[in-house]
Amino acid sequence: MSEKIAVLGAGSWGSILANLLDENGNEVSLWSYNPKQVKELNEKHTNTHYMKDFTYSETLIAYSDLKQALTGATTVLFVVPTKAVRSVAGDVKKVLEELQTKPQIIHASKGIEQGTYKRVSEILAEEIPAELRKSITVLSGPSHAEDVAKRDITLVTAASTDADAAKHVQQLFMNRYFRVYTNSDVIGVEIAAALKNIIALGTGALNGLGYGDNAKAALMTRGLAEISRLGASFGANPQTFTGLAGVGDIIVTGTSENSRNYRAGDELGKGQSLQEVIDTMGMVIEGVATTKAAYELAKQRGVEMPITGAIYQVLYEGKDIRTAISDLMMREGRSEF
Ligand SMILES: NC(=O)C1=CN([C@@H]2O[C@H](COP(=O)(O)OP(=O)(O)OC[C@H]3O[C@@H](n4cnc5c(N)ncnc54)[C@H](OP(=O)(O)O)[C@@H]3O)[C@@H](O)[C@H]2O)C=CC1
Ligand SMILES: O=C(CO)COP(=O)(O)O
């Protein structure tokens, strides 16, 4: 199966997924709003700021013009940071109206929109009306771009309410090192994907403070418990949280130096301010914004999320991390389940 696919967002994940789709025999156009980056990708086949020491396929073409990137595309893959999804989708809508094409939509972003608390597929559905597109599928799971760049084994899930669309996405991405499962629980997959970044900030902070493996395992396990509670309040399938998008992504993000969220937490634990961490990362740290959205959402829905609350207090109210940890530990004893 070979298609023309437009990948929107040429950061670490977008560019590596574009390269994988190219490797799988598709005609891939990679869109970035940064003309300098487009020039580097087309002339040197590198993307140094986001993916050091990686050479992209010479058949992968980058564009800074959205219409050029979208022309002829039967699939459009969004991989911009969550905060950019609505504006990019709005621009895509205008181009699709002109082109009169009706592509399937995939996204691989992990976050919740500030203020609206919308999941990424909801934002896309709002901005790109159904008559301009086919189904929306979310691709998610434990998948650092750095490992995929090395063609290391990676398993993810493709979730859609349209089973044929999920199967189609599975076929597009699958290869000898990238295995894709299908899933019908879009809500669960998107909630798990977004909120695991909060927990990775936490495990990173524990690391920075010198805590050991027990503490990190505890945070990931209890973190997943509260993520599942929020998911359940939206009707998510509880099994999703035991799968690739749930426990799988908590493990990879909550334990890896490749994770920007984990690294950000680590620096916070070592004493840097949030602003210093954001300024030096140079890449998106989705968990920072997601912490605020999830904290507000949990309050609105009456879902108990003490870890998210503690991380919110550290990030947004300047609470000392050790005090936040001590307060969590000294909560009244309770039953695990
Ligand atoms: N990296 C990974 O391993 C994985 C990432 N993800 C998810 O994928 C999404 C993208 O992450 P990732 O590629 O890592 O992020 P990066 O920070 O590596 O790259 C983001 C890209 O989006 C661009 N961008 C930022 N704002 C806008 C905007 N308003 N309009 C258009 N483009 C914009 C950035 O450009 P500039 O920097 O020039 O502003 C950059 O090229 C996130 O939601 C992340 O959680 C999911 C799985 C794995
Ligand atoms: O989602 C990811 C891996 O599955 C990437 O996590 P970071 O954004 O923390 O790097």
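Placed from the backbone N, Cα and C atoms, the Cβ positions cover glycine too.
Please treat TrEMBL annotations as automatic predictions, because they have not gone through curation.
The domain 'Glycerol-3-phosphate dehydrogenase NAD-dependent N-terminal' feature in TrEMBL is assigned to 4-165. Sequence annotations record features per position, and here TrEMBL assigns NAD(+) binding site to GLY9, ALA10, GLY11, SER12, TRP13, GLY14, ALA145, ARG260. Among the features that TrEMBL reports, NADPH binding site is placed at SER12, TRP13, TYR50, LYS110, ALA145, ARG260, VAL284, GLU286. Feature annotation from TrEMBL assigns substrate binding site to LYS110, ARG260, ASN261. Per TrEMBL, the feature sn-glycerol 3-phosphate binding site maps to LYS110, GLY141, SER143, LYS196, ASP249, SER259, ARG260, ASN261. Marked as domain 'Glycerol-3-phosphate dehydrogenase NAD-dependent C-terminal' by TrEMBL: 185-325. Per TrEMBL, the feature active site, proton acceptor maps to LYS196.
The structure, with features from TrEMBL marked on it.
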residue : record                               : Cβ within 10 Å
SER12   : NAD(+) binding site                  : 24
TRP13   : NAD(+) binding site                  : 25
LYS110  : NADPH binding site                   : 27
SER143  : sn-glycerol 3-phosphate binding site : 23
ASP249  : sn-glycerol 3-phosphate binding site : 28
SER259  : sn-glycerol 3-phosphate binding site : 25
ARG260  : NAD(+) binding site                  : 23
ASN261  : substrate binding site               : 28
VAL284  : NADPH binding site                   : 24
GLU286  : NADPH binding site                   : 26
Pairwise Cα distance maximum in Å, substrate-binding residues per record: LYS110, ARG260, ASN261: 13
Where the C-beta lies under 6 angstroms from ligand 2, the matching binding-site residues among TYR50, ALA145, SER259: SER259
The domain 'Glycerol-3-phosphate dehydrogenase NAD-dependent C-terminal' (185-325) - residue tally per DSSP class, helix then strand then coil: 113 helix, 0 strand, 28 coil
Alpha-carbon spacing, SER12 (NAD(+) binding site) to TYR50 (NADPH binding site), which is rounded to whole Å: 5
Among GLY141, SER259, ARG260, ASN261, VAL284, the binding-site residues whose C-beta sits under 6 Å from ligand 1: VAL284
Collapsed DSSP category at TRP13 (NAD(+) binding site): helix
Listed binding-site residues (GLY11, TYR50, GLY141), ranked by Cβ neighbours within 10 Å, top entry: GLY141
All-chain count of other Cβ atoms within 10 Å of ALA145 (NAD(+) binding site): 22
LYS196 (sn-glycerol 3-phosphate binding site): nearby binding-site residues from GLY11, GLY14, LYS110, ARG260, Cα cut-off 10 Å: LYS110
